[in-house]
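Annotation comment: TrEMBL describes 4-84 as domain 'Ubiquitin-like'. Here TrEMBL flags 114-238 as domain 'OTU'.
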């Protein structure tokens, strides 16, 4: 049986809490959260569910089961603020709204063009792309944190993530995925979709389809990535209005954006904006070497650091 684990988010970071059970008490939960985020147990406020609602932890002896907290839940941890601190936060509200304007979740049917944001080709492009749509900036350092999230999720559930699924023993995979030269794919997307609580739609330019991770989880929000066979980039909506802001996160019931993604997949395939490393001879556009198949391309990329490939026309 998989262990009891909770995903917890706080302004100081995110983590996975393990070691509790359904019969653990509110006091035990607050103590773990206090150690993780350096907040006094008495100052901890926990929100759960969607939309997030405050969980009453005033009774230290009440169990997590009685509170409706189950393994796999995501908890938002806040520090209770005094009146002075609340006033300071209110004073910065305008600044914060501007800072996070790229996550314009309420802007349904906003006219604009779905565009690609190019991120570094450094074996962590999947993680950097997800970081961009979440935070609005290209930050290659976010990859190591996401690799840790994946390793902990896989390690805590060896039944689901068996050798047959991973292609290697569970423990070996957990070591492998935390290496900076390990590429992410479908397994990693599925785990991160569940961790962040949002659907991740990947525009596959080889097959001209959109693969949706977390589609069956009834998440409220969706992000878009594009994949050309080797490299991932994030997608964003560039507004047509001059005073608009880019948008990287969308509501799942926004069918307009999903259709834009499907059209982008078709256009990319028709203009050969993909690298089908299983069916075509590749040319390294940096050193001009010719390579055959996915294995040669990956070996060449790891040995030389060259990540820019093009197809050789038949």
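Cβ from N, Cα, C; glycine included.
DSSP labels the residues of the domain 'Ubiquitin-like' (4-84) in these numbers: 21 helix, 28 strand, 32 coil. For the domain 'OTU' (114-238), DSSP puts the residue distribution at 51 helix, 28 strand, 46 coil.
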